[in-house]
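Asker: Provided herewith is a single structure, encoded as structure tokens, for subsequent inquiry.
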Amino acid sequence: MNIFRLIGDLSHLAAILLLLLKIWRSRSVSGISGKSQLLFAGVFLTRYLDLFFVFVSLYNTVMKLVFIATSCLTCYLIYRRFPATRDSNQDTFRAEILVIASAGLACLINHEFSPLELLWTFSIYLESVAILPQLFLISKTGEAETITSHYLFALGSYRALYILNWIYRLVVEGQYDVIAIAAGCLQTALYADFFYLYVTKVLKGRAMSLPA
């Protein structure tokens, strides 16, 4: 494992912990897209099915279990523990379109037409667009809380660091995955406006809002 992947994983974990901290401290899920969180849970549940068949390392196994558990916990808090605080009237992005499109693309463009490979490919495509309901919610409500902005920045940083990880693996190890790289670049691009606003507003103590 190289340093870019390690820091990327830690940034991803930090993003999830920031989100859970926000929910637990405020006892509210306002400003958080339940649809995005359901999509992320779907990403982890379909990607990490190899836990039952392949052992890579203790680190790999623990991180996969943590991501599955925390994503499911987040969905539980949103839809079961604090449902009255959910922005149901604003969280209206058609997330099912993303699922259908990702599934269709996985069937068309994949490395191998087998169940586990199709599910892995589906998770890669779905993760690249899973943040869209969250960004859509922020654009509708007008602005994001500071801690929610920190969560999104950490999440976007994770994907940006993974691009550096892929570059490192290509240069040093001669290995690359076109599907993962293309999807990761798309996902990072979706954060472009957010990164700019985060640096120019949030880091200066101002509220952040996305254009409608």
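For all residues, glycine too, the Cβ spot is worked out from N, Cα and C.
Note that TrEMBL annotation is computational and uncurated.
According to TrEMBL, the protein has these features:
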type     : residues : note
TRANSMEM : 62-79    : transmembrane segment
TRANSMEM : 91-113   : transmembrane segment
TRANSMEM : 119-139  : transmembrane segment
TRANSMEM : 151-172  : transmembrane segment
TRANSMEM : 178-199  : transmembrane segment
Asker: So if I exclude everything within five residues of the ends of the transmembrane segment (151-172), which remaining residues of that chain have a CB under 8 angstroms from its CBs? That is, six or more out.
Answerer: 2, 4-5, 7-9, 11-12, 14-15, 18-19, 22, 131, 134, 144, 180-181, 184-185, 187-188, 191, 194-195, 198, 202
Asker: Please indicate, using numbers and ranges, the residues of the same chain that are 6 or more beyond the transmembrane segment (178-199) and have a C-beta under 8 Å from a C-beta there.
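Answerer: Same-chain residues near the transmembrane segment (178-199) but 6 or more away: 109-111, 121, 124-125, 127-129, 131-132, 135, 149, 152-153, 155-156, 159-160, 162-163, 166, 208-211.
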